[in-house]
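Annotated in TrEMBL:
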- 69-258: domain 'ABC transmembrane type-1' (DOMAIN)
- 21-42: transmembrane segment (TRANSMEM)
- 71-94: transmembrane segment (TRANSMEM)
- 106-128: transmembrane segment (TRANSMEM)
- 140-162: transmembrane segment (TRANSMEM)
- 183-204: transmembrane segment (TRANSMEM)
- 210-231: transmembrane segment (TRANSMEM)
- 243-261: transmembrane segment (TRANSMEM)
Amino acid sequence: MVKRQGLRLSRKLKNALITTAFILFTGLSFLALLSIVGNVLYHAMQPLITHVETFQIESNELIFALKELVLSLWLVLLALVISTPLALLTALLITEYRDCCFTSLIRLFVDVLAGMPGILAGLAVYGLALSLFQMPTSKIVLILVLFLFLMPKLSKGFAQVFNEIPFHYREAAYAIGANKKQVIFHILLPMTVRALSASVLLGAARTLGASAPLLLFGVGVHYLAVDIYALAVRGSDGQAADYALVLLLLLGVVFSIAAWFDRDVME
């Protein structure tokens, strides 16, 4: 009896410690996010509050930031068009064709590339483009960098979505005579379309806010995250804050849409 009470007490203590740690780290993450947003808003709005005559200058900087954002969105969109079908095929291969002899190797490559820092993706493509094609700053090379950064993460996210579908749905389809292709197109894809869309949006947002993959290509690259880094290094905190404000607003919209998709999936 005493031993059972001791086990219950230790279990309650462990649960309390886990809950406290979760609340603590969540609060610290929320405070860090508030600090970033507050710092950006302060530096972006300070010239407008202290010097009304600088409103025209700030407006021009925001317009230029919007132009840079459009160019960045165009690059990310092209990378998504290339990477999304390949990521979907890769995820289906490693989840639905487990008996294939290359599946384990492909899964290993996906896990390694998904955890690879973005600077390594940029370094690999930069060295290849510089040594073979002599065009290290062309749009094609930039899209290739974003593709290499985005595609493994999408593949891993898609695979997790497919693995969350209970296996008895597949068994029921096979029991009534469906083949693998019919299970994929009539069971898996219709059930996961919203979750896959949320994964694509989250991957696009992560790619749009990443500057590391393109840092090696210099400040001449028209990519909003790289411009923010370059302006901050030069000491132009106000202009960098304007660019960061535009980027944060867009990421907030994208994350809200992805959360709406995810909520519908959970419901």
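Residue positions begin at 1 at the first shown residue.
Every residue gets a Cβ built from N, Cα and C, even glycine.
TrEMBL does not curate its annotations; it predicts them automatically.
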### Task
Select the range from 106-128, 140-162, 183-204, 243-261 that forms the most Cβ-Cβ pairs under 8 Å with the transmembrane segment (71-94).
140-162
### Query
Counting only residues 6+ away from its ends, which parts of the chain sit with a Cβ under 8 Å from the transmembrane segment (106-128)?
90, 93-94, 136, 141, 144-145, 148-149, 151-153, 155-156, 159, 210, 212-217
